[in-house]
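So that you can see what the record holds, here are the features copied from TrEMBL:
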| type | residues | note |
| --- | --- | --- |
| BINDING | Thr19, Ala20, Asn21, Gly169, Gly170, Thr171, Glu217, Lys218, Ile219, Lys220, Gly297, Gly298, Ala299, Leu300 | ATP binding site |
Amino acid sequence: MFKSLRGLFSNDLSIDLGTANTLIYVRNQGIVLNEPSVVAIRQDRGPGSHKSVAAVGHEAKRMLGRTPGNISTIRPMKDGVIADFSTTEEMLKHFIRKVHRSRFLRPSPRVLICVPCGSTQVERRAIKESAEEAGAREVFLIEEPMAAAIGAGIPVHEARGAMVLDIGGGTSEVAVISLNGIVYSQSVRIGGDRFDEAIISYVRRNHGTLIGETTAEKIKIEIGCAFPQAEVREIEFSGRNLAEGVPRNFTMNSNEVLEALHEPLAGITSAVRAALEQTPPELCADVAERGIVLTGGGALLRDLDRLISEETGLHVHVADDPLTCVARGGGRALELIDMHGNDFFAPE
């Protein structure tokens, strides 16, 4: 009963629990939280030592690669699913409390969490249990491509096919949607994190320099591209020279980043082509007419839409505010669940 009372003072939340970032959408308020899915854990020294949370989100991400021996930074999500259950639970608790900061009672919200379509029943149960342990009184799950399609404004209830490619931090998911259901989906464990890893490997191999995740991400954001550019852009960064063992500046250009990203981008375009090959003919005709919609943070990579259009021969466009599509679509899905019942978007 007390949990129900707390629920009256809690907001309904849609959570995009991503490998790279966690976004929370609150009904009638929009996106209220967008923070890195990173937790810093402090290990106390001495007998009977225990672990405690040192920082979560932006503060924890700033610590990546800069921590002393007794503090470790953890990404509790890997490839869109939970890799560290207890740390994910602590992260969710922190974020849920943060969006209810002005409330007197401990929050007990209804929560909808977006899950990869390629996740197993065990992985989905872990996500659900983690949210319940974090204080949610009721937890719903929705597959990410469906939430992304709703957030992108696609009329998913129509008897017409629509194709969505959602590129997150850990996974890229391509799905064909019709009549409130996913007709075909494929999930490949390639996303923004794989882009960063490819840049780190390229810099090490071609420049003899070691850089961290944060620097690789900056390179990707500032000069990254998926298609040859008319104007070659350059940027200067620092890293540790492997031969000398000391920090050195190096210059990298957009053509080098394109070369570094060739393999992960090829994996994504292959998944899109495979989806088109597996789509029933009538729905394939709909997709040819309507094109492919790109969502997720990875959709912000320059000219990714052009690359996929060249590979498929179809019109491709990036959704408005692609980074928040999944969280916003989850919020709308919660409203539809209220109208039509719990099984309206229930994943199998």
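Glycine is treated like the rest: Cβ placed from N, Cα and C.
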Work out the three-state DSSP category of Asn21 (ATP binding site).
strand
Measure from the Cβ of Asn21 (ATP binding site) and count the other Cβ atoms within 10 Å, all protein chains considered.
23
Suppose we draw a 10 Å sphere around the Cβ of Gly297 (ATP binding site). How many other Cβ atoms does it contain, all chains included?
22
Which chain-mates of Ala299 (ATP binding site) that are at least 6 residues away have a CB under 8 A from its CB, listed by sequence?
Leu165, Ile167, Asp305, Val318, Ala319, Pro322
Can you tell me whether DSSP puts Gly170 (ATP binding site) in helix, strand or coil?
coil
Neighbour-count leader, CB within 10 A, binding-site residues: Glu217, Ile219:
Ile219
What is the Cβ neighbour count of Thr19 (ATP binding site) at a 10 Å cut-off, with all protein chains included?
23
